[in-house]
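Okay, so here's the structure we're looking at.
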């Protein structure tokens, strides 16, 4: 029941607020020193409470003491990555799949933490809750600042923190035991409430300092503060008025922040109760089940299929949920939706036409809106929604074209699959393919760091296993895979069984489309892709299988093979594709960016 | 002749100063618009003038236009790395071998540049001249700040520059054509004079903007400003007085900065003319030929061989040249040399006992000092210097121990070899081994980022080929190699023929010595090391050979094989070593760091 959801969300938010206040109070009170634990274990208990079961990173001499505690922890598993960038990507992928929890990355001072900074910046950009813990020299050394290895040689012990501050929303530089617990809680809460990375230094000596465990009795919550009731009621009335005026021509457009700020459930209830037609931006793909009868597919400005473009842009009112208008998420800024016809719901604010309402967040607003708009469903149902289907085209040749490949993959997916698409041909290609129910879709459409999916597939597969989800399926190009390939090792080590499709098209295809179609700088060296897994950790060949498919028939046969589809071992499929082919959406996007981003005079 | 060297260095420094002033003047003058060239080509011409023949990096959509110019440039070769961290390591390795030139790294906005930041910070820490060029959005976009891919989504277009500023000594954020040439010159001069990384943004539109080529007629110089003549004379007299007072008991101790600030030649002349006994810190290894009769080996505080320790610490005067007292370079800060017996020569200052002389740099001071101290050589020669030799021990078993391995390698090295040692067992193990004449030694003893040597070997091998040096030989552990392995691909692509010794000892051995000897977090997954090269680019097997050696006899046989030693193809040798063995120096260092850096309470 909508009203129940509404009450639940409200009371949960209130409880969270009560807890936050209790914690603030406790920070000011004299500590109960009766039950003391290692500071390192305080942190681990907090992570355990928040559902963290896997920790990513690389050992280094300033985090080894803490690693003893991690290794001895009964429910948190140390993954141990091949390098720190991959580890940060893995923490990101893990956090995306384990909604309401977070990803945790542990690195060492300087060399380790800086190697991970691109991954952390990506989590910032794409709004993913990742806690970056850097093991740092002891508090004594940080005061005397000796010229230790991993330092810049000039005594600037704060340089790494300053860099981290650019890409995290809050930082805690632990310097003493007295404030450590409240500092840890602060960065954890910031991380999960705002869905952004935070940064925590862990000096070697503090890890084994004893602190009170009293605060651990009060749980931390990712729920935002409650909306102001009067203002919320006003906003709802305003929105209802607009819905009313729009007759039955209302469209819901869902986007990234509905996933990131944990409004998936509330949103789904809203669209089911109201029966409004719903479309998704690329970064909102899979928020709403793509098989849902009132779902019409992907809206991405000028790149949209003409029918979708027409339906969305001509609607009298667009309820935009969690919008994030980046270039690749908006068809290079070609939305044609006037503000006068738009209501925007965000994590912590709402916008009705031009009026902004800071502090009114969607998580609590949505259930109440659903209650009020429920009544319009009979009218809403009259609006037709295009069917979102992927038809496998009949092509004359046997070449595996993008045009054929992506619709063909659609039939291979199963409910609860985790589908990861690398920036480039894969992230554009998969847009036009409907995913099954409860599928989880991962792509880095705003940040777009190539190579990200290898690490994030590791994290996603671990999270998927913890949550009992289905297979993890990665689509990646040959160029991107070369950046981060070693992380296959960690997948084998942890007995994960992802299916990896390597699109072998001889280089950086997305770059070729943007510029330099025949330039050598877009070439890469060809690898023996099907030997990778046996070299990188499957020594006796029992943990993996690899395949090359050169034409449509070979790929179809493999996809139809139930042993392959069951994914009982890790599998890699090298898919031979033409060098200069690309999905439709990428071709259009490249044309559009070429216009705004000139490469030559 | 010493006096000639002195005159040459002085007049070169004066000429460099004249040129700098001319360039400053030109910045203020109205430009001659007669001969205009693309801004991108202005930069490339400057790099060409400075001896750059290889450029490292990864293509990305904000640097593709500039890459067209690079690819079309007649003498600068685009290497095209597998990822940006590896590229930054390669630029570092290149710069270390091509003294007086610099390394150049090209990345793309955000995702690319941040992935390289650890490599840049390492170049800062270790004082290596690397120019980091980031291809960034057009000047128009930087003003309007749209939510482009590779941005943080919050309009902070300056976040990457702010992070870069922590790890580079100067930055140029190009915003218009008028100041571009002088800005480019400024970061280039800072880079080569101070031997530190600098950062340059290259907006897509400016690359093809035309600017005057007039300034290119005045060359840029890495020479520091001339010393003040009177002050310099005073300093020399002070030093001579101390040498006199020390009777004949003077010792020269050379270190990193003598290499980094291009004083190798002046230093060698000094020690040959004066005949003072000379020792080297780990980071100064190979500055002085290790076969030189007056060279006694490595001084590293308490970790030194007892005879070396005694000789250095008991000397009445220590002339310290280019000292850098980091933990691993000083036996964990265990120098026992009182200030009252020390003269320190640095790149831009001098210290005599407690008196500091800012502005008196060693490059120009050394030749004059040589002239004055020449007369003491007969006395100096009376001081005995221990022979620096590596005796291969007779061991009962056939296991490849560190104790045996490193002295055994000594006989394999040839003059002009480039020898690269990864942080950990390799960088410690090689300390006790004398290198042949004109060998170049690379290690990252201060920064200590594991995996660095793979990229730096690529850069070093390219530089070595350009300079006509000998073989490039890398020593790396299995754990470190996993971080950056894909860069083998670039070595194969560029037909380089390094010899790579992979010390397979089942994990992070240096960490095991520091803490967690039997902990699982120090384990790694074993790879099929000898299949790596065939998988990563040697498709037909003609470009590489791989070997496994399990005992002393197998390794000796391989080293004695002339076809192996000739290094006509790229070669990888998997060396099976015991898990818990380590070189003597690492064992002592680990004990010492354990005392100062406690991991448990």
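The backbone N, Cα and C atoms fix where each Cβ goes, glycine too.
What TrEMBL says about a protein is an automatic prediction, not a curated fact.
Taken straight from TrEMBL:
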BINDING   B:478, B:505, B:507  Mg(2+) binding site
DOMAIN    B:40-149  domain 'Thiamine pyrophosphate enzyme N-terminal TPP-binding'
DOMAIN    B:239-345  domain 'Thiamine pyrophosphate enzyme central'
DOMAIN    B:441-521  domain 'Thiamine pyrophosphate enzyme TPP-binding'
Summary of DSSP states over the domain 'Thiamine pyrophosphate enzyme central' (B:239-345), given as helix, strand and coil counts: 38 helix, 23 strand, 46 coil
DSSP residue counts for the domain 'Thiamine pyrophosphate enzyme N-terminal TPP-binding' (B:40-149), split into helix, strand and coil: 53 helix, 19 strand, 38 coil
Shell of the Mg(2+) site beyond B:478, B:505, B:507, same chain only (C-beta within 8 angstroms of their C-beta centre): B:477, B:479, B:503, B:504, B:506, B:508, B:509, B:524, B:577, B:579
Model confidence over the domain 'Thiamine pyrophosphate enzyme TPP-binding' (B:441-521) (mean pLDDT, whole number): 95
Around the Cβ of residue B:507 (Mg(2+) binding site), the count of other Cβ atoms that are within 10 Å: 23
